[in-house]
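**Q** My questions will all concern the structure given below.
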């Protein structure tokens, strides 16, 4: 077994549309363990730090504006190959191309407002978790 941790964000559009419970339930039904969970509102500084890999890209400013437009849900999920499992569950970035049955395929109609974010590699997961969570917010059980 290859136990991994990954970070998932339910973005402001997912929170506004009341999709929190549905999205969390999908991950739980898959057998992923929630190690940390909180609602927060990203500051501009925290959003820029989180999405620093996209700094300088044409969509960076609008991404930061969107991610700071309302509350988000942040969670750490753990399980066997959690990063790739979660990425398959959420579907491609562009919700218009995501197949039905994926979170984005079922709930997203665009590339920019695509309901969820999930870490794409072990390195990204470690960095993103450190940006959003303090060590004492992560529960081992």
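Cβ atoms are placed via backbone N, Cα and C, with glycine included.
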**Q** Per Swiss-Prot, what member of 11, 30 joins 59, 87, 93, 104, 114 in binding ATP at one site?
**A** 11
**Q** Quick one: pull the CA-CA distance for residue 93 (ATP binding site) versus residue 117 (active site, pros-phosphohistidine intermediate), whole Å only.
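**A** Each residue's Cα considered, residue 93 (ATP binding site) and residue 117 (active site, pros-phosphohistidine intermediate) end up 9 Å apart.
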**Q** At 10 angstroms around each C-beta, which of the recorded positions 11, 87, 104, 117 has the fewest other C-beta atoms nearby?
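**A** Candidates: the recorded positions 11, 87, 104, 117. Fewest Cβ atoms within 10 Å: 87.
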**Q** Grab the ATP binding residues from the record (11, 59, 87, 93, 104, 114) and give me their largest CA-CA distance in Å.
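**A** Largest pairwise Cα separation, rounded: 21 Å.
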